[in-house]
Each structure stands twice: as structure tokens, then as C-alpha cells.
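Summarising the annotation, TrEMBL assigns signal peptide to 1-23. The disulfide bond annotation in TrEMBL covers 83-356, 757-812. Marked as domain 'Ionotropic glutamate receptor C-terminal' by TrEMBL: 443-808. Among the features that TrEMBL reports, compositional bias 'Low complexity' is placed at 897-913.
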């Protein structure tokens, strides 16, 4: 019974004390919080309790509070609750709501002269956006103080992006974020030429990602994946964690991505979770509060003590504090200091019950004084230092920029990279460099396709790994030696570069990279938009252009190459000229016979004239002397003509025997596209195939070359003129009529190393792309590889590697269809085959003529009496020929005499005189028988080669003999033709010749 009485006594006493406190308290603070901000109410009550218990600031005075919760999107409710609080007699109003309701409270506070300390709260923890300005009556005071500093997110993110040198990125924002808050940032990026894409993140992130995979094609999805490599996130920590988790699990980002999350409301707990869920590099921008590291200094301030559960960083409650919680706590401290100073100055104004409903209600008279006191002083608390400027804003705000390193491992360490404040700006250096020049210990798996001279097998020993060589291998070795990595290389299973299949998957080398079975792809791999949408490429290490491989026309054996210097019409003119000049020479001699020297037996027949003209034309001279002026003038001009013709023939013949011109009409890709006689093609579904097809299908392509080429390449669906691999195309060119369209660098190497030098190439001189090293999408090695490749190009090492496989002193002419002997070489039998044929034809013709002449001689000889007939005696001969033909009776007279003759002393001065004594039987004209080359001992043995000229009965004169047309003959036998009458008197002797 006594215990119950004691308890009742204590209860009565406590109730009396509480009532006296309420009745005696003159400090009453009203608070309006968002109904979702229950933690703000908790911290607010904790701060008031600390002040009432410690008595460090107000001493004996106590603070009473009135708290109301409203819908942040219902301004009417907020005004209604504020009027109720003012009716209760509050000295200040503290609100932690959104901008929409805060504007209405600001208008009410200005009207009632109640100091309003507004703590902006963003919905669902999204980044803040600046509240729109509230329309005010000119000349009135602003009774609303912005406890949270102005929004500087635009300035901070612009500084960070500029330091990272980003030019293209995507900006994600959640559905609760007011996009109007970053208008200034978007304007700044546009002025600096940055490419920024905006995308809203829906509340159901899983459904959003699923719709992306369902609506986007594979190429679009890969292109979208590439845009995610650089991103800025304006969203709450909870939304950011869910979004990062989803995109990492769906493989939309790789470990070379770099994302920036900016939000003032990022706690240490949120920070650790974000780092655990992300890959690549993560940069976080959040608001910081400079505080002493010592717990005592951090919790004990100038004239008050902060609750240990809130200022000790090791306390879980302190780690989970939101920014609005910190500002609410400091706001209560600031109001307590203000009330303390007002009480000390004895300028306290009693509370007055205000009514918002009455039209004639007056504002609080002490509102202006209370507002000025709040602005005049500041307080140290959980937000470092809280104070206000003349315009009612808090100038003290600091940001810290935290970041992780690149990597695929989760749970990486976080370090502070820089800080930012409105006065000093960025304090620190931000770089986006991925890797240092040290890859020691890294082993890369390299996939390749064999393609001369880029990648070739150099050694293939059974049981040992294959060794490779080539230009691309040399580049990879140079990178390996500099960066320190090692590599394992293998050939793509299907030996193809890879193309997009109908099912949306990539095969070949590209498929190995897409499915992450290889780290690096290396070969004669060109950089194309389709490939770059699914993998990453380094900078080009060699230019690329399309070329065509053609076979040089084979040298044909011309049996009459000796006739090549002159055209057929010219040869006909020369032959006609020889005949014409021979006839002219004969006619000139016939009209004006030349005087032959004594003893000359040459004659100027048409045959001899032709022979003489031909002999002088071929520079062999002649046997017939020409003494007349007209003939010599003709021959002089003829010799000059012959000299010019023979000299020209000799010069041209030397050129034709050393240089064989093989002309081809295809000298460019345009020539190839215009003709249809020579079929040509490329490797099916290769980069060249796609390039020709895309340009042919492009309606804006002005050059019709590609459309013409596509018609030939795609003939019958591409099956006829295309091949499966490059080696097959080269083989078709070598052993058939075919043109192979392929990489110009590969074709040049093939033509340069052909043993017969039977190839030549035609290429496009303007490269439109290049060869690059392919890597997985998002590979961290791309930039460092590109940097090293640029260094190799700048110091000339890349040119040295090129000269190893494409030397300048090529033994073959690669770019022209003209085949020349570049070094002096012996002429072969084909060059002189025609000459030997002409000689053989002359030999055969001479033998035939000799056989005909022999036959003709025998036929004529059969008509002359044989030796048996002569053996029958003189009577028989006389019966057949009454005129004796005995040489003893009719002597030869060529400077000699017969046995029955005596020399004529009267004519001893003429040693060549012939004295003729006609026989008695001859009374008809004499006959001079001329023998060719020899003198028969018997006139009966005259052959058809012997000629006879009949003269008159009068003795022939020397002129008569010289009128004979015989040449190259010697005078032979003289005799008399038989006559029928008796001999007359002695005939006169034959005059001297």
C-alpha cells in the first residue's frame, strides 16, 4: 500500500512539473516535416531534448515544440498546418519538405513575420534541384532562410567532366529527379561541343533493361553498350545500386567503363555497396562536412555539446545520418543560440497568437528582430558551421570527389581524388588514365586468321605449339616488349574473320572476341563500323585500301619477230620500192647505154638491175657498173633511202628484241568495273564484300564504280565469282582468267613474292580505313595499345617493320601490266625464230630451183647429137650438117690462132683482135656464140646457157657487139652458120673488139 502511494505521489509531482514547464516556457518552435521523413522528426526531437537536458545554452529556459507531417506535394495542407502552429504561438518555423510546399510556406511566413528556416528535401533521395523563385511583394522582407546551401551540382559535375576530358557520354536520371535542375549543365556542355545523351531510368529497372533487349537489334544493342562506357548518374543511391546491378548482370557494361554518380545524399554505407556492385571505374561526388578527426573536438563545440551518437563516426546511428538530419540538428542549435542572445539583450518579444484566417490579423511584431538575430550569428554543429548571408542563404558547402581504379574485381578500395567548394573550386587533379605502361604478369589470349604477310606459320613441330611470323606478329611483339605482357596465340576455328549471322551471332575471329574466349584479335583485320559496334579497336597501325590482283598477259612466241619493227604496209611499200627502182634503173640504161670498158662482159638486163638494187638495199653492193649521170643520181638517192630504212629497222629491232610490250586495258578499279569480259570477285562475307555491297546500295554514293562492281561480284547470288578464302582467289588468278578483289597490302605481297612475276596489282590510292587490333568490348588495354602504336609510328619503327615485308627494291613490277627485262639477259631462240625460218625457206627454194635447172639442162641436152653419132665419121656429120663445124676448120679467135693459120702482122698491135677467115661453105650471116663461164671444146656440146646472136652478113662492128645485152659472160666460140650455096670470095676478117 505504501508503494502504491509513493508511485502515485511521484506521478502527481511529475505531472505538476511538466504543466509548470509548459506554462512557464516562452520558447516554442513549430516544425513541418514530410510524412516520409520520420527520421527528421527523430533528430529534431533529439536535438531539443539535448538542449533541455544540458542547460548549456538556454540555462533555465526550455524549448517546447509542435510537429506536423504533411504531404510534400500538397501545398494547401502545408499552409493549413502552418497556420495551426502560428495560432499556437510559435517563435520560428522549421520545415523539411520539397520545393512545392516550401513556396507556399514562404509566402505565409513573409505575411506573418515568422522566421522560416527551410531545409530542402529531395524526394526519395534524388539529387536536389534548385527551387524556383517565389513571387514576392516588392519592398517586403524575406523571412525564409535557406538552411541547405544552394545547389552547386551543375558547377561540380561540369568541372569533373572537363577534368576527365570527356567529349561523349550518356546522362541517366531517375523518375523522381527534376530535369530542370541541370539545364545550366546541358547548356555548358553544348557550348563546349560535348555529345551528351539523356535517358530516364524507370522505377522498374528490370523491365526497362528487358525491353531494351527485346526492342533493339544486335547492332543497336552493341552500339548502346558502347555509349555506356562513359555515363553520369543523377539518381538516388538506392536507384543507382539497382541500376548498376542490373546492367552488370546483363553484360551491358565492361570493366573499362567509367561512371560518375553525383548526389549529395551518399552515405558511407551506400558508397561501399555501390563499389561492391560496380565494375570498371566509379567516381562519386557527394557533399562533405569538414570535421576534426578527434572525437572530443568533433562533439564538443564552443558553448554546447553534441550528442555522441550523432558525432561519433564509429556509431552506426551517426553513419546513417542523412544530410537533412544534420541540418535539422544544427538548425535547432542555431535557434537556441538566437533565443539565448535575445534573452540576454532583454529584447524579447512575447509570443502572440496569430490567426491566418482573419482578414485584419496583424503579423508578429518581434519577427523582424528575431530574423535579424538569426542571420547575425552562426553555430558549429554537425554540418561544420551554419550561418546565413544577407540574402538568407548558407554559403558553406563542400564536395568531395571519391573514386576507384579500373578493374574487374569488386570491392576495390575507394580514395579521395579531389575536393570542391564555391570559393576555391576544384582542389586536386582528375585523370582518366586507365593503365600504366606496365603489363608485366599479364597473359593475353590472341586469336588470329592466317593471312600473308600479316600472320603466317613459321614453325610447326609435332607436339609443340606453332610459331607464327608476319607483319602483325612483329607489331604485337613490339608491343609485348615495351609493355611487358605475354601472349598465347591460336587460329580461329573456322579460319574466318567473322560476320554477323542470320541468328544475330558472330562467327570467326569476331565471335571469339564477342563471346570473350579471346582477349585480342590480330590479323589483316580492318576497322569497320559493324565490327566496332561489338568490339573495341586500337588506332590503325597501317592504312587499308581495296585492290585487285590480275595476271600479266603471257609472252606469245612470234616466229617472225624480226618483222615487228615495221608494219606490214611498210614492208609492202619497201618491196614495191625495190621493184620500182630496179625497173627505173633498167629503163635509164636502156635509154642511155653505158660505155663498158674494153674486155667487160657485163650486161644491164632487167634481172641484173633488180639484183643490183636489192644488193645495194641490203648493203651488199652490186656487179654492174653504171656510168651515166642519171643512173648514178638515181642510185645515190636510193642508197640514202636504204641507209635510213636499214638504220631505222636496226634500231627498232634492238628495242623489240629487249622489251616486250604486253598492254592490258585494266589500269584502275574504274577500268575493272567498266569491263565485263574478265570475271572478278572477292571472299564471300568478308569486309571487302560488305564494303562493296554497302557502297553499291547507298543511294547517295556518287561514284557508280561500286554498283558496277557489285553486279559482277553478286552475279548468281555471289556463288560464281566469289571464293571462300583468299588463297583460293589467288589460285584462280594464277591458273585462270580471274581478277581477285582483296586487301591491297596482301595482294602486293603476293605479287612481289611470285616466282614468275606473273601478277600485277591495281588499287585505290585513297585509303578510307585501316588495320587495327581488335579487343573485347570495354577492354582496358585499348588505350595503352593505341598510345604505343602511335609512338611506333612517330619514331619510324613501324616503317622499318613494313619494309621487312614490303621492300622497296622489288624484283617484280607490281603496279604496271608492262613486263620488262629489268636486267640485261641473253636473247633466246624465240627472238630469232623468224630469221631462221626465212633462211630455211631460202635454202629449200634454192634447192628446188637447182633441181628444176638440172632437169631442164638434161632435157635440152638430149636434143644435141651424142658421142656415138659423132663416132660414125665425118660423112655422117656432113650429111646432117653440110657446113663443117670442126674447130680445126673454124678456129676460135680470142687472142690465139689455129694450126693452119699464120699471124697477121698487120694487126699485131691489137693483142685481143680476132681474125676471122670464113669457110667456103658459109655465105649467110655470121654467128657469134657466147659461152657462159666456160668454153666447150666442141660446138656440138652447146648448152641452153650458151647464147647466140645473129648479125648481118657484113662484118660486125665493135658498136654492134657492145649493143649486146649480155653481162657477166665471156666471149666464146665463133662459127659460121651453114649455107646452101658455094662459097664466095674470102670474107673480111672480124674486126677487133
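Placed from the backbone N, Cα and C atoms, the Cβ positions cover glycine too.
Structure coloured by features recorded in TrEMBL.
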{"residue": "83", "record": "disulfide bond", "CB count, 10 Å": "16"}
{"residue": "356", "record": "disulfide bond", "CB count, 10 Å": "15"}
{"residue": "757", "record": "disulfide bond", "CB count, 10 Å": "17"}
{"residue": "812", "record": "disulfide bond", "CB count, 10 Å": "19"}
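The two recorded residues, residue 356 (disulfide bond) and residue 812 (disulfide bond), show a Cα separation of 102 Å. Between the alpha carbons (Cα) of residue 83 (disulfide bond) and residue 757 (disulfide bond) lies a span of roughly 101 Å.
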